[in-house]
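Participant: Reproduced below are the annotations present in TrEMBL:
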SIGNAL    1-18  signal peptide
DOMAIN    153-599  domain 'Peptidase S8/S53'
ACT_SITE  Asp162  active site, charge relay system
ACT_SITE  His215  active site, charge relay system
DOMAIN    395-468  domain 'PA'
ACT_SITE  Ser547  active site, charge relay system
DOMAIN    620-747  domain 'C5a peptidase/Subtilisin-like protease SBT2-like Fn3-like'
Amino acid sequence: MQLLSLLATLGAALGVAAQDDVFRAPRTGAPEGFDGIIPCTFFVEFPTSVVDPAAEVKNHFTKYPTAKYALRTSFSSELISFASFELKGQCDEDIVASIGGAIHYQAVTVRAPPVPVKDVNPLKSGAPFVHKQDQIHDLTGVNKARNELGLTGKGVKVAVIDSGIYYLHPALGGGIGPNFKVVKGHDFVGNSFNGTAESIQESDDPLDNCSDVSHGTHVTGIIAGDARDIKDPKWAPKVPFSGVAPDARIYGYRVFGCQGLTGGDIITKAIYMAAKDGVDIINMSLGGGPAFNDESDSLAVDKVVAAQQIVVLASSGNSGSNGPFATGSPANAKTGISVASFDNGETYPHLGGIIEGSTYPASLSIAEKVHLQDGQTVELVAWNLTAAADPNNISDGCFKPSNDVTGKAAFMRWGAGVCGSVARCTNAYKAGAIACIIAKNKPVDNFGITGYEKIPGMLLPQEAGDHIVRLMQAGKTVNVTATYQVFAYGQSTGGTLSSFSSPGLDLELNLKPEIAGIGGNVLSTISPHSAEHEGSPEPYIDMSGTSMSSPYTAGVVALLIEKRGKIPAASFKAYLMNNAKPAPIYNTSLTHSPSYQGAGLVDAFGAATAQTIVTPPGLALNDTVNIKNQYTIKITNNYKVDVTYALQAKTAATSTQYLSGDDFPEDQSGTLLTNDQHATVTFLSNTCSEEDTTGTKTVLVRAGASVDVDIQFTPSALAPAGNLPVYGGYISITNSIDESALSVPYVGMIGSWAEKPFWSRNSTSLLKQWLRTLVKGAQTATTGLYADTSFAPLVANDAVNATDGSFVLAIPTYTSRQASVVVQYVGGDNAMVASGFSSNIAYIKLYDAVSGDDQGPAYWQTFQRTSYQKAQGLPANLLYLWTGRAYDFDSKSKLPSLRSQALPAGNFVMRFMGLKNFGDITKPADWDVLETVPFTLVY
């Protein structure tokens, strides 16, 4: 079989070219065998005229008396009719595809439970400061919208699709029903849900007091919690706060059990039920890694937005450490709003050390079996004050003390010197100290010390150490008091992009994320169970993640709806994005890329009061090949007077993930953010004035009217081959009434995204940072087949021993809609057919060479890009083991058959096939094909 016919066969497997007399619904989404699905579990959509889709499925299975299935869920409304189910026993997909009248079907994809980001450095740079209640809302204009406009989100209905809500919390109203903050809800899965159909127990009670994280409760508190006036000491927080829209009405939809995963079908049903319940806003602080926007939950978002103008927001993801192109479903829905995260201006630790009235965050030593008690005060004596005052000293505490620490707390400065915390705290104990207090001498990221079991140990940040040294140098007695109560502490990164926030663009170069909310260190509500699990002294905790920034922005939308009433969802998105505030990269003056922060940090007051709206609110320019000659923005003046608008293009950072000479995508640490390769922006419209010396043009818009402004973007000359830098900036639009500025982000790629090869062929970073950490002597990390752990490239006719096992590297350079690895027998006889295969080509069977886990057939749809290390939404690279087994092409579906079998010994080639960006699966030119030299398979 030639390559052309093979690709046509793969296209038929997706329903592109399949033609026979038996009805087969088209398949969409991920196939059986894909790592991100629930095995043998399917979602089937019917026309909305089918009012009982579960009955439709039941009737269909009567035609197959030996087939068994278990219904997971079903739903029918004027927008959708669907059912999902698991096949029991033999997983015969033909039974699914032949359901009469089905519009399409897809495998049910897994959605991981939402998990907040653990603070990578709780002792990060900051300083004690005077805390102001709800200071978080100063960053976003929420306090101004409350104080000057009286906005609280009153009466606005917000759906929270999440892990459930502990609505008994007094900050969340203390109950559920029409007279409470949480009005109603639904539990789609039950406490014991483990992903199977049999474990689903639906009810109308979304209460969660069993999940360890209490994620949905925290999300709800960010939107509408109010802990400002609680008097009961059991529930009163040490740091009172309120959510963004404390008078909003919450509808809770629980899609996770106490532990474990859920499915896209469950989330899809929750979206449609929320729409049926008449909500105004849907928040989803959940999702996965890079994906295309044709999964059932993403499609549901687009449907409910179009039909009911519901504003749908979803977290962009917490895979910032893995670099660009990391956003996923459902945040990638075309008409939804993908939300990035900015850091709060303060954090809320519940472990600290108080020095002269200033409280600093702390961490306790891991090994200690004796502890400082909450409120206990100890006097500090410097081990060596000269060493403690020297930021370059790295061995304070490693040698004999300069002072007598008997009966005192020994104070030392941390540096990675000749000894660690174990030796230092052991020395302190032997010297008669009652505690071992170590403070950083530099703003390094380590945040834990091991210490010594017989003495309490505490690590403090650099600022605390500097404070202690200053007091000691002044001759003062210095005490430290341990506190295990929540307190506020300043954070220097406040108002800038969170390091964990997943950058875009989406996989088709659309602008995602589109806006940012506060998600780094947000204080909110949790359940009593979660408080106990997390070791929190109160049912409130500081969490970080885009899981927090999305509900924060949802709360802002509630304020806008209260102010503006029910307008199209696209208008709300425009008001949000127009008035957002782009921020610089932390500690620089360079504006961050729109592909990271979207339009910038949300501004509630600006969005609520703006009398101008600009559409579209963002411009995705695609790549150099597909960029249009011009783009048009419409400026609508809702003032009662004519307004002159000044237009100016402002550049932002250029992001380069593919470095010269290396085709594997860099992670956060390797991605370049530079102030170069900017596009030239020209305002073309005849309605604009001549450009002045600052690059500004003006346009007059009459009261109540609109004017179109045409803009041309000319990308920079192509960077070194293969780099594909993503450039961007903001069109600033300043009005003549009050000189307030709106902005429209623009973003594009230099080069051809479609021509980027899918398979990695040249990556020294991949070899050094990944493969050689597993196999020291590996010669190369190029995609291919390798006979042994030397990873030496095959030479024609090399023997590959199936008994010993060989190694396969299938390394993607981006996320593809489809990829596979097949072998083709080139021995010239009928050995494959004689061994039970239907042709000379078969999908290889893979194992994880490290864990030994069965990875099934080498067929992926979607094949998600990988990184050096696993993140919440991105998998790590896998080293595959191949033992000579393969899957035949299923005679009907053309997908891999259900069972693998041993290939015959003989001569083969291995072929790696991946659909390139923007590719058409029916066109051979759109596939990246890498073929090995012929090899001899032996046993």
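Backbone N, Cα and C define each Cβ position, glycine as well.
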Participant: When you measure from the Cβ of Ser547 (active site, charge relay system), which residues in the chain that are at least 6 apart have a Cβ under 8 Å away?
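Facilitator: For Ser547 (active site, charge relay system), the qualifying residues are Pro114, Pro116, His215, His218, Val219, Ser285, Leu286, Ser315, Asn318, Gly519.
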Participant: Using DSSP, what's the helix, strand and coil tally for the domain 'C5a peptidase/Subtilisin-like protease SBT2-like Fn3-like' (620-747)?
Facilitator: 0 helix, 62 strand, 66 coil
Participant: Here are some active-site residues: Asp162, His215. Which one has the most Cβ atoms within 10 Å of its Cβ?
Facilitator: Asp162
Participant: With DSSP, how much of the domain 'PA' (395-468) is helix, how much strand and how much coil, in residues?
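Facilitator: Output for the domain 'PA' (395-468) reads 17 helix, 16 strand, 41 coil.
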Participant: For the domain 'C5a peptidase/Subtilisin-like protease SBT2-like Fn3-like' (620-747), what is the mean per-residue pLDDT, to the nearest integer?
Facilitator: 92
